[in-house]
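Per Swiss-Prot, the features are as follows:
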BINDING   Arg79, Arg104, Asp131, Pro132, Met133, Leu134, Ala135, Thr136, Gly137, Gly138, Ser139, Asp200  5-phospho-alpha-D-ribose 1-diphosphate binding site
BINDING   Ile194, Gly199, Asp200, Ala201  uracil binding site
Amino acid sequence: MGKVHVLDHPLIQHKLSYIRDKHTGTKEFRELVDEVAALMAFEVTRDLPLEAAEIETPVGPAKVKKLAGKKLGLVPILRAGIGMSEGILRMIPAARVGHVGLYRDPETLKPHEYYVKLPNDVEERELLVIDPMLATGGSVVEAINSLKKRGAKSMRLICLVAAPEGVAYVQKEHPDVDIYLAALDEKLNEKGYIVPGLGDAGDRLFGTK
């Protein structure tokens with residue numbers, strides 16, 4: 001069973017409080033999501049392997065540690081996942097970026113795929129799947145299904161907030177995927193929104209309704 005990591009770092013929790021606040025405007029919301037994503041990247045990549053190397057500093061040789069050739073990939077789920085991708089890319093700029101486009105039917109709440117573009121060597125990469133909200137889990141499960149069909153073998157899921165129902169569904173369908181959250185919230189309401197949540201992440205990121 002994949003592990004669930006709730007990242008309780010004070011800076012993450014402080015910034016998340018403003019992300020949740022309904023009075024936070026689009027510009028500040030976008031900046032805060034970017035900042036929290038960057039902070040989360042530190043924890044998500046904590047166990048990446050290192051290898052010894054030698055370099056020359058301005059005053060002489062030094063033994064250092066570098067990432068051990070691990071290939072990484074980011075896969076934001078469109079559209080809201082885009083809001084987190086730049087923050088993570090600043091931490092791991094060599095990562096390749098793919099995209100999965102899904103929309104959720106407002107009546108059935110079921111996800112529908114409309115776009116997939118991935119690195120050619122997706123099967124060789126550790127993929128960081130990004131979506132700010134893990135509500136029912138339907139969209140994330142569909143995205144991971146799509147990635148696995150195209151050869152992906154190793155994935156981690158990164159979300160700002162999640163409902164227990166969504167976490168349980170992802171764990172049931174994809175027990176090999178670890179989940180990283182800034183917060184695990186109380187529940188879903190009757191409309192499928194996370195409570196207390198932060199509203200519609202896509203609308204708040206892009207100033208739409």
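From the backbone N, Cα and C atoms, a Cβ is placed for every residue, glycine too.
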Additional residues surrounding uracil, by Cβ distance to the Ile194, Gly199, Asp200, Ala201 centre under 8 Å: Pro132, Met133, Tyr193, Gly197, Leu198, Gly202, Asp203, Arg204
Chain-internal residues, separated by at least six, CB under 8 A from Asp200 (uracil binding site): Tyr193
List of residues, in chain order, with Cβ under 8 A from that of Ala135 (5-phospho-alpha-D-ribose 1-diphosphate binding site) and at least 6 apart: Ala162, Ala163, Glu165, Gly166, Leu188, Gly192, Tyr193, Ile194
Cα separation, Gly199 (uracil binding site) to Arg79 (5-phospho-alpha-D-ribose 1-diphosphate binding site) (Å, whole number): 15
Residue among binding-site residues Asp131, Met133, Gly137, Ser139 with Cα closest to the Cα of Gly199 (uracil binding site): Met133
Helix, strand or coil at Ile194 (uracil binding site) [DSSP, three-state]: strand
